[in-house]
Amino acid sequence: MGILKDGNHTAVTEFILLGLTDDPVLKVVLFTIILCIYLVTVSGNLSTILLIRVSSQLHHPMYFFLSHLASVDIGISSSVTPNMLVNFLLERSTISYLGCGIQLGSGAFFGSTESFLLAAMAYDHFMAICNPLLYSTKMSTQVCIQLLVGSYIGGFLNASSFILSFFSFLFCGPNKVNHFFCDFTPLVELSCSDNSVLLILDSFSAGSIIVITVLVIAISYTYILITILKMHSTEGRHKAFSTCTSHLTAVTVFYGTVTFIYVMPKSSYSTDQNKVLSVFYMIAIAIPMLNPLIYSLRNNEIKNALKRQLSKKTFS
């Protein structure tokens, strides 16, 4: 049943996910579409990771971060999609209490880590364009590892705050989550305890990450733009712009979607609209699937490395 009664207390052992639709035919259609998207997401990001590892010309800080961004994108999509695909095939979509907490935490971890990685990549572009003579020392292997570890630690700390909040919530009976995965807001609505302090802490944690990473990105690109405008060479300007366009596109897609879902006032759109937007964010239509396409189509070094690897396979 998903609900256990112990004296005067009611314990929720599982949650019912209301999902996107109850229509059996539409469920099959959505299952097929989302499965295809998920397979493209995983294969595209794995290909990006493999290409960077085997191509010596891509062994630079920028692509070091890109390979980890691809890993995080797989994590973002995998934290939700497999369970969602299974539930499309079941008459009753459920997730265990523990599974819900894990899903919430993994989504927060990978989403937060992606924010930090995008900020680290912006800083890398800043150093490459604004301080080219100091780039090799300022972006040494040690510095890159420190930025990477810091990104994962930041993601872990933010995820920990959400996980601790979730397991502190009291659920007194209602266990129907009006979403297709365990997102924080629908779970808060089901809780019967006073969560005001926890909500403030979690909002502060998530808000701080957005503010800090956006500031790093904005400041980095402000200096980059100033430096580019001072360049006298048209070729130099074009090369600098081409270096940044892929990252700027990924940043715009990521923060634009996150802002629409989690920052805009809830009264400005319905829960159903929020669920549809979350599909774009979590499943891959907006971020995990697009990132490999963005970097492969807009980045000449990635395209050239791919051509070289394909040529080796053809003539080997």
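Placement of Cβ uses the backbone N, Cα and C atoms for every residue, glycine included.
Source: prediction; values computed, not measured.
Marked as topological domain 'Extracellular' by Swiss-Prot on the basis of sequence analysis: 1-28 (among others). Taken as a whole, the topological domain 'Extracellular' (1-28) shows an average pLDDT of 71 in this prediction.
The annotation N-linked glycosylation site is assigned in Swiss-Prot to ASN8 on the grounds of sequence analysis.
Under the heading transmembrane segment, Swiss-Prot lists 29-49 (among others).
If you look up Swiss-Prot, you'll see 50-57 (among others) marked as topological domain 'Cytoplasmic'. For the topological domain 'Cytoplasmic' (50-57), the number of residues in each DSSP class (helix H, G, I; strand E, B; coil) is 7 helix, 0 strand, 1 coil.
If you look up Swiss-Prot, you'll see 58-78 (among others) marked as transmembrane segment.
Panel annotation: around the topological domain 'Extracellular' (79-102), residues 2, 12-19, 27-28, 30-31, 34-35, 38, 110, 163, 166-167, 177, 180-182, 187, 282-284 of the same chain, lying at least six beyond its termini, place a Cβ under 8 Å from a Cβ of the stretch. Annotated topological domain 'Extracellular' per Swiss-Prot: 79-102 (among others), in sequence order.
Cβ neighbour count for CYS192 (disulfide bond) (all protein chains, 10 Å cutoff from its Cβ): 12. Residues annotated as disulfide bond in Swiss-Prot, with sequence analysis given as evidence: CYS100-CYS192.
Among the features that Swiss-Prot reports, transmembrane segment is placed at 103-123 (among others), with the record citing sequence analysis.
The annotation topological domain 'Cytoplasmic' is assigned in Swiss-Prot to 124-136 (among others) on the grounds of sequence analysis. For the topological domain 'Cytoplasmic' (124-136), the number of residues in each DSSP class (helix H, G, I; strand E, B; coil) is 12 helix, 0 strand, 1 coil.
The transmembrane segment annotation in Swiss-Prot covers 137-157 (among others).
The annotation topological domain 'Extracellular' is assigned in Swiss-Prot to 158-199 (among others) on the grounds of sequence analysis.
What Swiss-Prot lists as transmembrane segment is 200-220 (among others).
Helix first, then strand, then coil: DSSP counts for the topological domain 'Cytoplasmic' (221-240) stand at 17 helix, 0 strand, 3 coil. Look at Swiss-Prot and you will find 221-240 (among others) tagged as topological domain 'Cytoplasmic'.
Taken from Swiss-Prot, the feature transmembrane segment covers 241-261 (among others), and the record attributes it to sequence analysis.
Taken from Swiss-Prot, the feature topological domain 'Extracellular' covers 262-274 (among others), and the record attributes it to sequence analysis.
Sequence annotations record features per position, and here Swiss-Prot assigns transmembrane segment to 275-297 (among others).
Across the topological domain 'Extracellular' (158-199), DSSP assigns 22 helix, 2 strand, 18 coil. Listed as Cβ neighbours of the topological domain 'Cytoplasmic' (124-136) (distance under 8 Å, sequence separation of 6 or more from its ends, same chain) are residues 61-62, 65, 220-221, 223-224, 227-228, 240, 243-244, 247. Among the recorded stretches 29-49, 58-78, 200-220, 241-261, the one sharing the largest number of Cβ pairs closer than 8 Å with the transmembrane segment (103-123) is 58-78. In the three-state DSSP scheme, CYS100 (disulfide bond) is classed as helix.
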